[in-house]
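**Q** Pulled these from TrEMBL:
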ACT_SITE  Glu1149  active site, proton acceptor
BINDING   Cys4, Cys9, Cys12, Cys30  [2Fe-2S] cluster 1 binding site
BINDING   Cys70, Cys73, Cys105, Cys107  [2Fe-2S] cluster 2 binding site
BINDING   Val201, Val202, Val203, Gly204, Asn205, Thr206, Glu207, Val208, Phe250, Leu318, Lys336  FAD binding site
BINDING   Gln663, Phe700, Arg808, Ala967  Mo-molybdopterin binding site
BINDING   Glu704, Arg776, Phe810, Thr898  substrate binding site
DOMAIN    115-328  domain 'FAD-binding PCMH-type'
REGION    606-627  region 'Disordered'
Amino acid sequence: KLGCAEGGCGACTVMLSRLKGDHHYSVNACLAPLCSLHLVAVTTVEGIGSVAQTLHPVQERIAKAHGSQCGFCTPGIVMSMYALLRNKATPTMDDLDDAFQGNLCRCTGYRPILEGYRTFTKVGTPRNTQETCRTHRKPATPLFDAKDFVPFDPTQEVIFPPELMVKTDSLCFHGDRTVWLQPNSLEELLSLKWKHPEARVVVGNTEVGIIFGASCSLSLMEAELRRAVDSLPLHQTQVFLAVLEQLRWFAGRQIRNVAVSSETEQSMGSGLGLGLALGLGVWVRVSPGIRDGSRLVQMDSRFFTGYRRTALRPQEVLVSLEIPYSKKTQFMSAFKQSPRREDDISIVTAAMSVTFSPDTSLVEELKLSYGGMAPTTVLAERTAKELIGRPWGEELLQAACSSLAEEMTLDPSAPGGMVTYRRTLTLSLFYKFYLTVLLKLRDQVWELKPRTSANHQRTIGVPQGQHLDDVVGRPIMHLSALKQATGEAVYCDDIPLYENELYLALVTSTKAHAHILSIDTSLAVSMPGVVCCLFSEDVPGSNSTGPIVYDESVLADGQVTCVGHIIGAVVADTQSHAQRAAKAVKIQYEELPTVVTIQVTSHTPRVTSHTPKVTSHTPKVTSHTTASGDMHMGGQEHFYLETNVTLAVPKEDGEMELFVSTQSFLTLTLCPCPQSLVAKALGVASNRILVRVKRMGGGFGGKESRTTILSTVVAMRPVRCMLDRDEDMLVTGGRHPFYAKYKVGFLDNGQVVALDVSYYSNTGNSMDLSLSVMERALFHMENSYSVANIRGRGFLCRTNLPSNTAFRGFGGPQGMIVAESWVTDVAQRLGRPAEEIRRLNLYKEGDRTPYNQVLDQFTLDRCWDECLRRSDYKQRRANRWTKRGLAVVPTKFGISFTAVFLNQAGALVHIYTDGSVLVTHGGTEMGQGLHTKMVQVASRVLGVPISKIHISETSTNTVPNTSPTAASASSDLNGAAVHNACQVLVERLQPYRSANPKGCWEDWVKAAYFDRVNLSANGFYRTPDLGYDFNSNCGRVFDYYSYGVACSEVEVDCLTGAHKNLRTTVVMDVGHSLNPAIDIGQVEGAFMQGLGLFTLEELHYSPKGVLLTRGPGSYKIPAFGDIPSHLTVSLLRDAPNAKAIFNSKAVGEPPLFLASSVFFAIKDAVSAARSEVGLSGPFRLDSPASAERIRNACTDRFNHSGSFKLVLNCSVLTLTLVLVLS
């Protein structure tokens, strides 16, 4: 699968095998040049097993362990694991962590993948399958049984193809614009380099020792260095250990398998970190020609002459790298600070080496090397020179900090930003190095423990006596999981090419706000394969579009309002031809004033419109104390692994068939949908437009309304278009950034009695769904707390960014995090634990919300108490001397569309004469297991096994006028509609059951058929008693609420701002779960997506409105290594919900906010650090809590301007040592 085209997501992972050394390694197919694969065996996921024949154990286990949801990432993960097993039949958990560093998943939360593959390791069977419920002391339902897995036999794998066992000669491949030359010897390479000095050298692998050949892959370098560390004395391997530490966090395994030391160091010497470590005493050998021998060049401050430039001459080839042994009195450390530790570009890296005079602590030699402080690696030579001859102590530290502060400067406009943070890091990292060396000088030796994990999932067992054929409440595997694990699941772009099919590429704006003066397509239309160019005047129907308000255009007409605004399209015979021609379209602009941020100043938001306000009052209460504050919550990219894709196929009589990756089909004018808006653009009725969805590779709200911007363009011609990752991120928008100001009144006991809060959202360049998002934010402004007097107001701020849109939570997380912020402020003002204030103000059964809805079937207090009990909260809170952060956070999430008319669903069920059943409903499958749950519902109502029931796809010609698959209500709505249709059929078959009670299902179906009974039924459901009026503040907004509580513990490195997610306990009320495996997967997936929202993911724009974070290289979502080391998820027992199908509850969106427990645990840790320097009371920490924000909030002598005086008392030293050792 193509997920990013830059080697950052791992979806396209395949395994390469070479005859030499019988080595197998995973690589990113999107980065592997085809020419480089001569005589290489390529194994894809389809090549190791299939559903029709035999599944490979790797495929079976990820599917049956519930590790595949949307499935788009699954083939890549399968191949990463398969390549690991081909090299190591019984890996360790550390091997798994290493193998998956280059793979991303947006759905599962990673836990089920690791639990399934744990069965291949020495650890063996996952512990979660044997958990016991503490409440009832009865065995919990296992999510899967490892005993059912097919045994893995490594002797039965495919051998290396004999056809490839031949000797290769020199090769030459000629392309349209490139020539690929593959020499067969070093002499031939030098000759070619002399003839073509500007040609780039692309190299592969060799077997080498400690003197590494220039074409040695980073993986081989890593393996050789580890062998050296294991066999040599410790004092000789200091440089090796530093290099290994950097290699561990550089890219993913797929990249390290093909990246080579020479190319990597020459092209990325400043930011890699490996280059920093190698720069301390490392030499490179270069060869200038065939007869000129070779020369040694030291990798020092003169080696890197500029960004991605070195001291090598054009004709020279780097032959090897020579890494020296360290000396007996030498100590060395390497550091990397990045937004995400795994597979991420560093903010600042450092490698530091000190050599002492024998038997003393006097500095004989000191090297301090930094990356990220200049275009190239820089050495702090002046500081190092000043410290020579000084003893390693407090006086040296003081001098070093003062000197580094002067030497390591950055211009305020330096690329990459974060200038203050980066300067602070230069001091903080040296301080960590100082402490590390200090410990070693004192002969304090410690062992670095590997990362361990313990994952527990406590589920709800089915009632005693439930028939084995009744699958409701059982952990049934996702219906498509096996097909997804074998690569046989068909996504939109997998549909085979139609005859004479064309490809469309978008022409987008490079300006954020401008008039279009002219468009020149002369060069584009003359390029190979180009059929035509399309612009606004080519739209046959209406060029106006938009989900609620028609304030957008299909194609820009005269003016653009954001970078990425679609101006036109190029249609060509292939994707590459279309994209190349689209880049050749020349557009002239007249730029207009640009607005990027919603804040003109930090306290004066730029407002364009406002929404109704929500107010609630009780008899006046005088509060003793008030507190005011504000915070900003950043946006978030959906980062579904399958980007937006549409295939349009024209039919007769103006009909158009669309295959779209979309969550919405709705034909109403007031709502977003491909069908109605395509019909509008083409000038035909909606009954001529057929939209079909088989499955999506993720959605999360991003394919609810924004898919129409692609569908309406594509529908003008019979073409296909799949956006590249950078295009998708550029044009589609994401979660709304919010800014909030609040004032809260509270009593001395901590009871909150009054709140006034104002929200400001960044809508982007159009309205889209922004009004509805703001309304939901207001409906969640108090989260789970009872506030007697409250006023909430919302303001929409239009900017010149791509229109923001629906995202999992739909405004709820933005509203609730502000609530948790003022609760924390109250606790800090009173000097009391935040959990006490939260518990004191928690809603109770029968309380009213600010919008006057009574809370019934209230289970949040039970979730709270169970979460604290399971997490051992009181015992963990007692260990405050460790300076870790701890927080427990509740959530109350309303279930229903706030637009009342959307709370409806339809279904169509057919029974065929052979007894098989075909179910169709209005929901789309995007990995959340909706189809699986609907089959379970139909199975129970009809009384037939799920093997007889099939769901093919969702389409507009089977169930019309469907609501978007959104708002967490799809199982409720569509489940009830399927139930209704099946119940109709059961009633029609009842006479034949009664007449033949000993018969079987097929007998009754055939009897009904021969009696001319209709075996097809429509089902319909509408949620009753909904409707709210803002003006009168009355009515029911939601049908019911989903509740949950999470407790998280983190450890913060106050010197760098990095943090570790140590432990999280989640208790979630999902009613009587329809499928506990799917529901737990949704809880974990939502939690990890929320973890990204609140602690990691950050969108960066230039002042001109250009999105700088496009693709996984610069935009980081949580990876395997970000899972809490101990994760426990429990589903609340005995909590039936009478308002949803089979007493279940919605689960898609509610758990996401529970990840804010990590955010507030970080804030708790920062508060403890601040108290060490005498700072107390509330402080502002914006979301996400990035390393930069955390470090800057930990006010100390390193980031306080002009003050570097060192004061070491025992508590501070203990704190720092704990952080360093961990």
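Here the Cβ of each residue, glycine as well, is placed from N, Cα and C on the backbone.
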**Q** Do you know the mean pLDDT across the domain 'FAD-binding PCMH-type' (115-328)?
**A** 74
**Q** Suppose the substrate site is Glu704, Arg776, Phe810, Thr898. Which further residues of the same chain have a Cβ inside 8 angstroms of that site's Cβ centroid?
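**A** Leaving out the recorded residues gives Leu769, Ser772, Val773, Glu775, Ala806, Gly811, Phe897, Ala966, Ala967.
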**Q** Rank aside, I only need the closest one: which of the recorded positions Cys30, Cys107, Phe700, Ala967, Glu1149 has its C-alpha nearest to that of Phe250 (FAD binding site)?
**A** Cys30
**Q** List which of the binding-site residues Cys105, Glu704, Thr898 have their Cα within 10 Å of the Cα of Gln663 (Mo-molybdopterin binding site), in sequence order.
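**A** Checking each Cα against Gln663 (Mo-molybdopterin binding site), the hits are Glu704.
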**Q** Can you list the residues of the same chain, besides Gln663, Phe700, Arg808, Ala967, whose Cβ falls within 8 Å of the Mo-molybdopterin site's Cβ centroid?
**A** Gly699, Gly701, Gly702, Glu704, Ala806, Phe807, Phe810, Thr965, Ala966, Ser968, Gly1148, Glu1149
**Q** Can you name the residues of this chain that are 6 or more positions from Ala967 (Mo-molybdopterin binding site) yet have a C-beta less than 8 Å from its C-beta?
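**A** Listed in sequence order: Phe810, Ile895, Ser896, Phe897, Leu902, Glu1149.
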**Q** Closest to Cys4 ([2Fe-2S] cluster 1 binding site): which of the binding-site residues Cys70, Cys73, Cys107, Arg776, Arg808, going by Cα position?
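**A** Going through Cys70, Cys73, Cys107, Arg776, Arg808 one by one, the Cα closest to that of Cys4 ([2Fe-2S] cluster 1 binding site) is Cys73.
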**Q** How many Å separate the Cα atoms of Phe700 (Mo-molybdopterin binding site) and Cys105 ([2Fe-2S] cluster 2 binding site)?
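**A** Just about 13 Å between their Cα atoms.
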**Q** Other than Cys4, Cys9, Cys12, Cys30, which residues of the same chain sit close to [2Fe-2S] cluster 1? List them in sequence order, counting a residue when its Cβ is within 8 Å of the Cβ centroid of the site.
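**A** Near the [2Fe-2S] cluster 1 site, the remaining chain residues are Lys1, Leu2, Gly3, Ala5, Glu6, Gly7, Gly8, Gly10, Ala11, Asn28, Ala29, Gly76, Arg725, Pro1112.
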**Q** Would you mind reading off the Cα separation of Cys30 ([2Fe-2S] cluster 1 binding site) from Cys105 ([2Fe-2S] cluster 2 binding site), to the nearest angstrom?
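**A** One finds 17 Å between the Cα atoms of these residues.
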**Q** Around Cys73 ([2Fe-2S] cluster 2 binding site), which of the listed binding-site residues (Cys9, Cys12, Val201, Arg776) come within 10 Å, judging by Cα atoms?
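**A** Cys9, Cys12, listed in sequence order.
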**Q** In sequence order, what residues of the same chain, 6+ apart, have a Cβ less than 8 Å from the Cβ of Arg808 (Mo-molybdopterin binding site)?
**A** Phe700, Gly701, Ala1086, Gln1089, Gly1148, Glu1149, Leu1152
**Q** For [2Fe-2S] cluster 2, what surrounds Cys70, Cys73, Cys105, Cys107 with a Cβ no more than 8 Å from their Cβ centroid?
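**A** Leaving out the recorded residues gives Ser68, Gln69, Gly71, Phe72, Thr74, Arg106, Thr108, Leu641, Gly697, Gly698, Gly927.
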**Q** Taking the binding-site residues one at a time (Phe250, Phe700, Phe810), which has its Cβ surrounded by the most other Cβ atoms within 10 Å?
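**A** Highest number of other Cβ atoms within 10 Å: Phe700.
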**Q** Within 10 Å of Cys105 ([2Fe-2S] cluster 2 binding site) (Cα to Cα), which of the binding-site residues Cys12, Val201, Lys336, Glu704, Arg776, Thr898 do you find?
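**A** Within 10 Å Cα-Cα: none.
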**Q** Fewest other Cβ atoms within 10 Å: which of the binding-site residues Cys30, Cys105 wins that one? Let me know.
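**A** Across Cys30, Cys105, these binding-site residues, the one with fewest Cβ atoms within 10 Å is Cys30.
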**Q** Within 10 Å of the Cβ of Arg776 (substrate binding site), how many other Cβ atoms can you find? Include all protein chains, please.
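**A** There are 26 such Cβ atoms around Arg776 (substrate binding site).
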**Q** Can you give me the Cα-Cα distance between Arg776 (substrate binding site) and Lys336 (FAD binding site) in Å, rounded to a whole number?
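**A** Their Cα atoms are separated by 40 Å.
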